[in-house]
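Peer 1: Before anything else, here's the structure in question.
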Amino acid sequence: MATYQPYNEYSSVTGGGFENSESRPGSGESETNTRVNTLTPVTIKQILESKQDIQDGPFVSHNQELHHVCFVGVVRNITDHTANIFLTIEDGTGQIEVRKWSEDANDLAAGNDDSSGKGYGSQVAQQFEIGGYVKVFGALKEFGGKKNIQYAVIKPIDSFNEVLTHHLEVIKCHSIASGMMKQPLESASNNNGQSLFVKDDNDTSSGSSPLQRILEFCKKQCEGKDANSFAVPIPLISQSLNLDETTVRNCCTTLTDQGFIYPTFDDNNFFAL
């Protein structure tokens, strides 16, 4: 991966998020459930400054609820505990420590081997480099007064375009939450309150578009599973739903953009919220 300049030379984003937490006409339990099951692009500053208005309630930042979040940043430090690692990640607005558990049976032995020259020996630690960019997905929690990302999925970033794209998503969603932009899905979600998706004119099934079928299939497959060790591959979706892989890939991209699923091991495997 190419070497980049310090993150704060590029980053000026200080806000973001998908949902406006103010009540709107017609809002209710279904809208609350939608927020809980939606991935929100944020900055680390938003995570650190978020507050709980009520005990055990959702975290709120910039007029929006934060449940599952994603953010990008630079790895500043790696602490290897063989069975898990702690990554210190900074994005120009703040710094946070994220723990990732290893699934590799050889990590206990490899943890004492520093022959790689990087100061850490486990297989999970060698997936990351100090100074490299990563994207983090997970549930926002707090333990002992400290913000944590639970069930964290951490993906190395190979292209700086992904960092810029994330910043644009944060700006867009912050604008929606603050009322400066309209929610793009608002007109679709207000269609009798039945669907968040625009109807697929090419759909020939009984009332379900490929987008909806893929989301329902992914949710069913991911129920009770851990995103660190399980994902739904595109070929499985294609074979199970009798859809061509191009259609599945395009739908997965749309669902990712909408915050309902996210890529895990690579861009061909997804986990549903």
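Cβ from N, Cα, C; glycine included.
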Peer 1: Write down the residue from Ser21, Ser27, Ser205 that Swiss-Prot flags as phosphoserine.
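Peer 2: Record lookup in Swiss-Prot returns phosphoserine for Ser27.
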Peer 1: According to Swiss-Prot, which residue among Ser61, Ser122, Ser195 is annotated as phosphoserine?
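Peer 2: With Swiss-Prot as the source, phosphoserine is noted for Ser122.
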